[in-house]
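Note sheet for the following structure.
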Amino acid sequence: MNKIYKHVIADIIRNRIVLFYTFILLLASLSVFSLEDTSSKGLLSMLNIILMIVPLVCLIFSTIYMYNSSEFIELLLSQPLRRNTIWWSLFIGLITALGLAFFVGAGIVILIFEPSFLGLMLVICGILLTFIFTAIALLAAVLTKDKAKGIGLSIILWLFYAIIFDGIVLFMLFQWADYPIEKFMILISMLNPIDLARILILMQMDVSALMGYTGAIFKDFFGTSVGIALSFGTLILWVIIPFICSLRYFKKKDL
Amino acid sequence: MIKLKTYLFLFFFNALFLPSVQASTWIVGKNERFKTLANAIQHAQPGDSILVKKGVYHEHNLIINKSLHLIGQGLPILDGEGKYEVLSIKASHVRIQGFHIRNSGISSLKDLAGIKIYDSQYVQIIQNLITNSFFGVYVQYGKHCTINNNRIIAYGVEEQQSGNGIHCWNSSYLQIKNNLITGHRDGIYFEFVTQSLIKNNRSFRNLRYGLHFMFSNNDTYISNVFTNNGAGVAVMFSNHVNMYYNTFHQNWGDASYGILLKEISDGIIQGNHFEKNTTGIYLEGVSRVNMSKNTFSNNGWGLKIQASCQDMTIHQNNFMNNTFDVSTNGTLVLNSFDGNYWDKYDGYDLNRDHIGDIPFRPVSLFSIILEKNPTTLIMFRSFISALMDKTEKLIPSLTPEQLKDQFPLIKPIKL
């Protein structure tokens, strides 16, 4: 496993896309923080990067990577290796590379400019989103044999989590405006890792506004240590479940 | 008998020979001639001073009906035992200084207080410590009274069982300076009080309002700090109220405001700091108030200005790091918002005159949506809400077209 893992890492670094991604993140985060007088606007831009760019890059890159290394995977499968091991090493290789890229590119800068709980929350959410969308990409890649279809699927998944899901939620909020659906909304937000990460960060970022009545309901959940633990638990489940699904599918898959 | 003669002599002597009465000083203490204040007050003449030595005095309700100076040495304690009004001042030119007044009775019927001024003028309440009282200092029909350097501390839990720190009713020309008030229902309460000054007070962790104004005209408050009060500061049904250089900090809650302005006219709000409040200022039915040089930072909402406000001039203020700068509930705008600094402004300044070339609209679509449907707060800062805000900026449809800053500043105003 160690050998395959090392090979995956070396391969990712060699193809330079991840290095480029790290560099772009570094450039973006340094410029947003140094352009503004206060760190709050920079944090807002970083929030958008974490919620939009990170999932997109992780999804597309991981999906393409999986397709490009399909021959390598086939080669490995011809060796006396367990499919379990191969899939795990690929996944861990990818999340180490992408996670490290995020941490070096954005995480360190955030922690330097905003050394607070909010900054920490941003970094943790960014890393978790990296893991989640890599796992989802693996699932998308393993589900379809055709490369174009697979990439299409991952783009649709990104669109769904980043935009469409929020649209549906907003629509629901207006449809059921007369009902007390705040608690239900907490449940709904668990169904989208991007939303969940966003709300967790929001709780730290807009404390004053959230002390209003409706905000207080969310604050009572997401602001407490139990709520935060539960939310992070859910985010970790979002890593585990897609990965386990892809693993099970990969084991049975006829290549 | 000799004593009486002495008194008589003194009295006549004074009356006949000294146009300015020579005040004498009486000492109250454990080892002095007077063991109780009541006794000393009975013997003292108007204009005399009573020096009270250190100790605990259970005087029940002490009524001061002469112009006396009561001066405590080493913070003597006057204890109301939870039953009585501790000091009732019913004479003018009284001075109460250096006492620790504690445990007044609780009665909503009689409004018992630590120190209560009835219908008097030129009363001075200075450097006292008032703890665990229902009302701290209560002024009714007072004129030219001074309440300075007191610490008024209560441990109120619910509003009904708690009175106000400094309660002024139907008074004028009051001076309230350098007091510290905490744990009461309202820190400072003004009703029908005119021509008064509130300066350098600190009012924090009160159950309801840090400062509560009702029907009080021509008053000024300067450099006060209001922190962490249940509902911030409320100024209602008054005119010509001026507020300078106050700080409003961390008033958190749905019905909690830095300042709640309701039915106010002709005031000045200048140089104040609003920081970390759920709402910096909430304005309803406010007219002709001039707001300038204020700083709104890290609030949930900087200004919540209802459509019922008119002829307000809001200029030269700094709006920084607020979740929402301004929100409103209608499309009618009769106020001017020109010449402020908004950190959310993303226009340009081609001619370098430090004024943005395109107007800024401080009301975002999302704040309008939030006003209508508060649950949508959960969608805040999502991509879709940002998208909606951007679209609205290009084609304003829901946000009030007229609510805009024509001359937004590029750099924050140095204050």
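Cβ coordinates come from backbone N, Cα and C, glycine included.
Just so you know, TrEMBL annotations never went through curation; they're auto-generated.
Summarising the annotation, TrEMBL assigns transmembrane segment to A:12-33, A:45-67, A:88-113, A:119-143, A:155-176, A:228-250.
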Looking only at the recorded stretches A:12-33, A:119-143, A:155-176, which one has the largest tally of CB-CB distances under 8 Å to the transmembrane segment (A:228-250)?
A:119-143
Do at least three CB pairs under 8 A connect the transmembrane segment (A:45-67) and the transmembrane segment (A:119-143), leaving out pairs fewer than 6 apart in sequence?
yes
Test of understanding: applying the rule of at least three C-beta pairs under 8 Å (pairs 6 or more apart in sequence), is the transmembrane segment (A:155-176) touching the transmembrane segment (A:88-113)?
no
